[in-house]
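> First the structure, which I've put down as structure tokens, then a few questions once you've had a look.
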There are 2 protein chains.
Amino acid sequence: MNPTLSPPPTAPVASAAPAAPAAPAVTPAQLGVGARFSLHPMTSDFVDVILGALAAGDASRLEVTTDDVSTFVRGDEADVLTYLRDVIGAAASGGVHVVAQVLLSRGCPGEVACELPDDVVLHPVELPALAPTGLRASAHWALYPLDDGGPDPHGGARTADHMAGIYAAIERARERGTLTRGEHFVTRLDGDLADVLATVADGWLLVGREVRHVTTHATISLGSPGAPPPAGTTGAATSGTAHEDAR
Amino acid sequence: MNPTLSPPPTAPVASAAPAAPAAPAVTPAQLGVGARFSLHPMTSDFVDVILGALAAGDASRLEVTTDDVSTFVRGDEADVLTYLRDVIGAAASGGVHVVAQVLLSRGCPGEVACELPDDVVLHPVELPALAPTGLRASAHWALYPLDDGGPDPHGGARTADHMAGIYAAIERARERGTLTRGEHFVTRLDGDLADVLATVADGWLLVGREVRHVTTHATISLGSPGAPPPAGTTGAATSGTAHEDAR
């Protein structure tokens with residue numbers, strides 16, 4: 001047992017039923033949760049737009065480090081997502097064409113060593129609803145469950161199935177109304193910036209319930225002169241079907 | 001056996017040694033090889049820069065489809081890489097700050113269904129040297145071996161080890177002289193644009209010898225006002241050490 005883990009909660013003594021095995025709690029930092037993103041405002045004024053946008057997010061509960069290529073964000077999932085929505089939204093609010101690249105990552109091995117015990121619960125994280133921004137976004141989205149399989153409860157080894165998580169996440173996007181269609185190598189999402197970000201995070205967290213190391217990438221475009229006209233209703237965006245090869 | 005595969009080559013009859021099992025040849029299209037990329041010139045003139053850059057690449061042996069979010073490229077590995085170098089290089093050649101997002105993908109399941117027989121060789125692809133561009137690039141690079149494991153030759157199942165391929169690819173980058181250091185979630189590369197692209201593709205193809213479905217993402221920045229000054233020699237860029245958590 002990793003000594004930095006919180007002690008498992010004690011089962012209530014009044015319970016007549018046998019207690020479920022106690023699951024140690026893990027923090028986002030122990031799971032290496034975080035984001036890396038870059039903002040690309042297509043204007044000669046890009047430095048001011050980027051600096052103004054970065055100042056528009058609430059980083060008080062986050063670790064944020066910007067270098068010349070991208071910005072790293074560490075914190076819990078809801079704070080990271082809210083920050084991304086506010087910063088990307090601020091960059092696009094002036095009407096300039098902005099593309100944001102977003103990478104979300106969690107898990108081990110990779111960012112952090114796998115020092116967590118095998119039976120640690122990859123606790124389900126439910127994101128609070130992200131308030132809409134009024135900004136329409138189009139995204140190309142990829143999701144990567146980096147599942148190595150593992151020991152089989154019946155002895156031997158378990159093979160992984162990385163496509164199963166991808167399909168489940170696409171189904172979630174369909175339910176949310178942001179799924180447009182599968183494209184080569186990516187899935188296209190359209191909708192309010194907040195809904196697009198929530199879709200990306202939802203799929204990532206859904207896979208994260210089963211797989212320790214999961215990343216997701218999205219290219220999110222706002223204010224593009226080449227964007228298709230917005231659909232009249234949110235529902236219209238769901239009429240596309242995902243290709244079987246979508247992810 | 002998939003009927004669209006070429007017949008296996010006949011073993012030479014004059015050979016006294018037992019012939020190795022004949023490996024069916026597969027094409028890049030059968031493996032779903034291709035790229036998706038986007039160009040972000042940070043200038044109000046971005047449309048002209050993007051259109052001019054796209055025209056600078058030789059697409060004669062490629063399928064190229066541009067939409068409002070990104071551009072899809074299908075073809076063999078060397079043609080795709082040469083095209084990316086020429087298009088990204090053209091966008092940055094005027095001195096404007098340009099960021100390119102590049103995704104390379106190959107394999108199944110995913111882009112293509114896994115209709116190839118299990119024993120098909122994931123043939124090693126050696127890229128020809130890419131001529132340098134004279135443009136200095138800095139990149140954040142991530143590599144994703146999507147290995148599900150599989151049947152064990154001794155019976156049972158084989159678990160995967162996605163980090164092994166990532167570490168091997170980072171070692172290749174070190175040998176090439178483009179490795180700067182590991183960052184959170186990504187590995188930083190610096191060097192001539194051609195060397196940075198070749199490093200990204202090398203790692204991807206190295207993992208592709210063992211793993212059927214492999215993708216890689218790079219955020220490649222050129223002409224950034226915030227970039228560190230170029231090192232005096234290529235060798236100096238290798239003095240950074242990769243973190244153990246690098247990928």
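Backbone N, Cα and C atoms are what each Cβ position is placed from, and that goes for glycine too.
Found this in TrEMBL, in case it helps:
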- B:33-111: domain 'Thiamin/hydroxymethyl pyrimidine-binding YkoF putative' (DOMAIN)
- B:159-226: domain 'Thiamin/hydroxymethyl pyrimidine-binding YkoF putative' (DOMAIN)
- B:219-247: region 'Disordered' (REGION)
- B:232-241: compositional bias 'Low complexity' (COMPBIAS)
> Find the average pLDDT over the domain 'Thiamin/hydroxymethyl pyrimidine-binding YkoF putative' (B:33-111) in the predicted model and report it.
94
> What counts of helix, strand and coil residues does DSSP assign across the domain 'Thiamin/hydroxymethyl pyrimidine-binding YkoF putative' (B:159-226)?
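Computed counts for the domain 'Thiamin/hydroxymethyl pyrimidine-binding YkoF putative' (B:159-226) are 31 helix, 19 strand, 18 coil.
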> Can you tell me how the residues of the domain 'Thiamin/hydroxymethyl pyrimidine-binding YkoF putative' (B:33-111) break down into helix, strand and coil by DSSP?
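Per DSSP, the residues of the domain 'Thiamin/hydroxymethyl pyrimidine-binding YkoF putative' (B:33-111) fall into 27 helix, 25 strand, 27 coil.
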